[in-house]
Structure formats: C-alpha cells, structure tokens
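Asks: Below, the features straight out of TrEMBL:
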type: DOMAIN; residues: 41-431; note: domain 'Catalase core'
type: ACT_SITE; residues: H91; note: active site
type: ACT_SITE; residues: N164; note: active site
type: BINDING; residues: Y378; note: heme binding site
type: REGION; residues: 522-546; note: region 'Disordered'
Amino acid sequence: MASYLPSMEKVQHAVLGPRGGDKVADLQKETKEMSDKARLTTDYGVKQTSADDWLKIVNNDKTGPMLLEDPFARERIHRFDHERIPERVVHARGSGAFGKFKLFESAEDVTFAPILTDTSRETPIFIRFSTVLGSRGSADTVRDVRGFAIKFYTQEGNWDIVANNIPVFFIQDAIKFPDVIHAGKPEPHNEVPQAQTAHNNFWDFQYNHTEATHMFMWAMSDRGIPRSYRMMQGFGVNTFTLINAKGERHFVKFIFTPELGVHSLIWDEALKLAGQDPDFHRKDLWEAIENGVFPKWKFGIQVIPEADEHKFDFDILDATKIWPEDLVPVRYIGEFELNRNPDEFFPQTEQVAFCTSHIVPGIGFSDDPLLQGRNFSYFDTQLSRLGINWQELPINRPVCPVMNFNRDGAMRHTITKGTVNYWPNRFEKVKPATHEEGGYVEYAEKVAGIKARARSAKFKEHFAQAQLFWNSMSAVEKNHIINALGFELDHCEDPVVYERMVTRLADIDLGLAQTVAEMVGGEPPKEASRPNHGRKAPGLSQTEFPGSKPTIASRRIAILVADGYDQVAYSAAYAAISAGLAIPLVIGTKRSKIVAAGGAGSTTPHHHLEGFRSTMVDAIFIPGGVDSIRALSKNGRALHWIREAFGHLKAIGATGEAVDLVNKAIGLPAVSVSESAEVQDSYGVVTMRETKPGSLSEAVDIVKAGAGFMEKFFHNIAQHRCWARELDGLHSQVAY
C-alpha cells in the first residue's frame, strides 16, 4: 500500500544488525528483480517474442486453428493451471512480515538456549498473522481468534512459536481438533456461513464441550475483533519447558505485548469493514512498515519451577487455562519488531510453514496434551500443502548449516555430494553431534502412570477461569461480550442451541445469562448454575494495555474538505499529523483538485467521500471555511461520516465554521462545542470556533492536561476510543 506521507522522505528498511540480516541475505539467492532491461523467457530460459498470440494457422483474411506444438503457450497455460496449492485447513487467511528479535535481559537462570541468554544477538524473524476459520479469500475483520506465528531463524536452527492472540484454546486434548474445527467451519449441508461462528453447529459444540467455556468468553470479547495485528497481544497458548545449564527444568509460557497497546474495533465497524475493505488488517500492517513506523512487541515469559507444578488449583498443562499473572508474573526479557514487508506474497507469506515441534537446545516440550498433538499435526499438515521437501523452501530453511541423510522426494533442491547416505558409515561422515557440540538432548523426565484414555482430576474443572475472565472485564468490555453473545446466538435458528447456551452462561454469571436470554429469546434462568467466586486477575482486561506511551503514530486521520476550506487550519493539521508519524488522509467531495478559500492553496484528496468511509480511519478533522462547510452540510455522506465516527467512539476535531457542522451532525445537547477561541473537549469531540495565527501548533506533546487544540485532539486519538460516550449512552442516540 502506498505511503500517505508525501511531506516526509519514505523511511528505508532498518538495518537488521550484525546477524539479523542473515535471512534477508539468504533469500536474496532466490530473488529476481524485474526491470525494463529484462526480456521475457520461458521457465527453461528461451527468450519469447510474444506473450499475446498462440501459434496458429492465419492469413490476412482468416484465423485458423491454434497449434499444440507451441511450447511457449502450453507452458504458460500449464503453469497457470497449477498455480494454486491446497490452502491451510485453518489459518488460511494471513499476512506477514520480516523483522528482528533482541534480548535485553538474559534468562540464563532458567535456560541455556543462546537466543534467550545472549544479549548481543539480533535474530531475524518472520511473523505470519491470520484468522482461524475463514478461507484464504475471507475478510480480515471477522470475529475470530487470530494466529500469531513467529519463526526465529536462530544460529542453532529454526525455533517456531505458533501463537494466537488469545492465551487459551477450546480443547484440552488434540484428538478433538477435527471436531472443534468442523463445528466452527461452514455447516456441511450448505457451506454457510463463511468465517463466522454465529451458527448452530459452533454453539452446539460449545455447549456440549464444557472445556470450551473459558475460550468462547475470550472469543466473544474485544480480543476477537482487533483493530490491527500491530495492536494484538500474542500467547504461545501451550506450556513448554526451559532447561538451564545445571539441568534444572522450568515450565514456561510465552507472551508478547505490543508497544502500541491492545486495541480493538467496534463490532459495527468490524461488520462494515468486512465489506468496505476486506483487506483492512493486511493493508494496515503493510502501510505501517512502509511508512517506517515499525510495530514492536515486548517478549515475555511466565516461568514455574518443576517442583511447583502441582501447587495450583488448575493444571498448568491445561491449554484451556491461563496462568494468572498475580500468581505467575510475566517477566519481559526482550523485544521484537517488524520492519520489512515481503517481496512476494506467495513464496514467502503463503509458503511459510510453522511447527510447534521446531525447538532449539535449551527449550523443550511439556506433557501438555494439546501441544503433543500439535507437534504431530503441524508437521503433518505441511505435506499436503507443500510436499515432503517443504523445509527446503527459501522462507522455511534455516540460516545455520543443514546436513543429514534425508534424501529425494518431490521437488528436492539440495545436492549432497558423497558416496554414502546413511549412518553409521565407514567414513564417519555426518556423525551425530554431542551435547557439547550443540546437539539437542531431551530432558530425562521420569514418567509413571497407566495407559488409558483419561484426564487427570484438575483437567475436569471448566468454569472457574471463565468466571475469572468475566469478573476482570471493565464495564465497557462486559457490555461488548453481552452484545457479541446476543449477535451470535441470534443467528442460531435452532431453539435447542440458544436455549441451552443460556444455561451455560449461568455457569459463569447469572446477570450475564439473564441479559443474553432476554436478547435472544431464551428462558432467563432464575438462579446461577454455580456460584461466581468473585475473583479477578490482572492482565485480562485490554484496558490495562493502553500502550507504552501516548502516541498517534501510524493512526489514520481523515481531513474532510470541500472547495473553500480554511488553508491555515488544514496546513497546520496536516503538518502536525505527519510530524506525529500518523497518516493524514484528505477526503474530499471529489478526488480532483480542491481549492482553498480565497485561492490560498489547493489539495488533491486521497479519496472522495463515497469512495472511502469513516470505518477506515481512527479520527477525523474538519477545518473551517464558509464555502467548504456549506457544501459539506448539504452532503448526506459527509454528515454520515461525522455521525458514524461519533458512534464508533472516535476522536473528532473541528475548527472555525466546521464547529457548526459537527454540532448539526451529532445534534446532542450533552455534547458541547466551542463558542470562542477557547478549546472545548466534550466526549472526544474537540472544537475551537475562533482560530488565530499560532493557535494550531504543528509540534504537539501528547499529554492529558494539554491546553491547545492539537494537544487535546491528539490525546483523544491516543486513547483509541472515547469510552465515556458509550458508558453514558450517547453513541446509541445517533443514527449511523
């Protein structure tokens, strides 16, 4: 996606560091650059004279039959017919980028893995974000879990963390993978609905599979509709192990927290974006990196000594449970950033393959039954998509040396010289590595038990953490969960499904169950199925993650104009937005040149009002100008822009005559506007009727107590949403 910062030089891709560029250099061997000096060839290297006409019998008067002897045409069609590979069964819809990982605190007390102990390293990474249920062509903004898979190209081999943006999962045992995914996918008789859980089968499974209760509460929360991949937390979900140099083992969970904070869309916004801009998330990631605003995450670990495994009232190996942060604090030891977009989507983002079984010395597996199954499944699933030599593909191959006796298979690339292809051999070639040489040695875990299809006692408790999650939500988040459940169950036509789900919600909270029952037509329960324990935990509510500092960086801010706009206010706002590393998007009544009042300047909008919508931006600013505001006031779409932005709780800024336009569009007595040169901030609507030279600063410090117009406007943008509008019921009083 093109940069929207014409006033700035485009920031070049960051230098990845002394080792961080290893993967980029590795990929260069496979990368070709197109140019006007290159000439069209076949795949076997012969130059072609035409790409427009199949070889045929022809004269000036008649076109005859085409000839099958044409090798060039047959190759083009042959290649085209076989361009598609099977899409992923889950996580088919995705987007990715390259970056680097840097450790700032050694974890040598719990592991000897160099990537987690060597603070001098910079490790190249590739991250693929994804939705889970939808097909490759589905929309980005559907309600779903998001994949957050990281491939670390370490000097000891590839390490993959196949994470999600939610820390738990629907199932405890991997044998249930087919069932949970079949239930969530489109129903088998009519292939409906696409990329949605709002249907009978999904919620039938949730009721009948009580261990899913905790997870569906997370999925119905705002975590299910993230504003951006760059504003999601990531969680390894499964329990892994770390082994230190003393041979001591610790259990570990991995957590990534974004520098920009954890933020989500409004549900109405997500619904509209799915149609207006189905590529919204992948464009957002690409745009931020192209503009040099590289997304960053803190890399954290939660660690439990092996001796403490059984000291909790939940099983730490249960993937449907979190480790509450008040019991097991997160220790942030590093950070990673994404700073380079792919050169070509298919060979990089589509062909990248992640496996939970890809670990390096110092990191190990636990007996987490979901992880054990994932270790098989993720390895196995690559065969149908990519073939047996999938690890030789450029995006998947390590940057460290690879040498073994694996041979042949479809699409083998490696050529291995020598007369033996087995071990042991008489030459002692390619002998197994010792531990001292960096060889992987499994932890000598002592295991005792019986062979049975069963689960331990703690795995059978399914409701305490669902209650913990609900109790820890803010009032706004609880309201969103209620509305999400109301939407989902409203789309279930079978009364058995929504009536039973109401009783399940009573296992979590009676008030929640009664409210949802009233919305969807179920029988409101008169008493709770079990008491709510009332406990809360830190780190569950998104409100605890506003971002490392207030910023508008990478936010999209629309500037609405028509002929006769105020050039002074427009120029000051545009410059200030650009200086804050946000993206100013000029939206006009037309996309051709728009002239400022008195001919003081002109601008060519990026989009016109009908071609772009408020859902695609984070805030709007409207400069004054008598003629501009007169035109916008008569434009229904312009009024809708303002009302929709207000309903979606976004910051709105207006100066001069635009104050009256905003007041007309919103039309609520509770929202006050400026009547003078004094700045008025009312429910995130920031207005200043009288503008004077210097009253709109281009250099803005974002602080809560800022007195200037831009300071207040930018502070509201940095808060992501004006939740007070929703809490006071104002957003629902405006039609949008």
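The backbone N, Cα and C atoms fix where each Cβ goes, glycine too.
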Asks: Between the Cα atoms of the residue listed as 'heme binding site' and N164 (active site), find the distance and write it as a whole number of Å.
Replies: 14
Asks: So what's the mean pLDDT when you look at the domain 'Catalase core' (41-431)?
Replies: 97
Asks: Measuring Cα to Cα, tell me the gap between H91 (active site) and N164 (active site) in whole angstrom.
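Replies: Cα-Cα, rounded: 10 Å.
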Asks: In sequence order, what residues of the same chain, 6+ apart, have a Cβ less than 8 Å from the Cβ of N164 (active site)?
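Replies: Counting only residues 6 or more apart in sequence, the Cβ neighbours of N164 (active site) under 8 Å are V132, V145, R146, G147, F148, G234, F235, V237.
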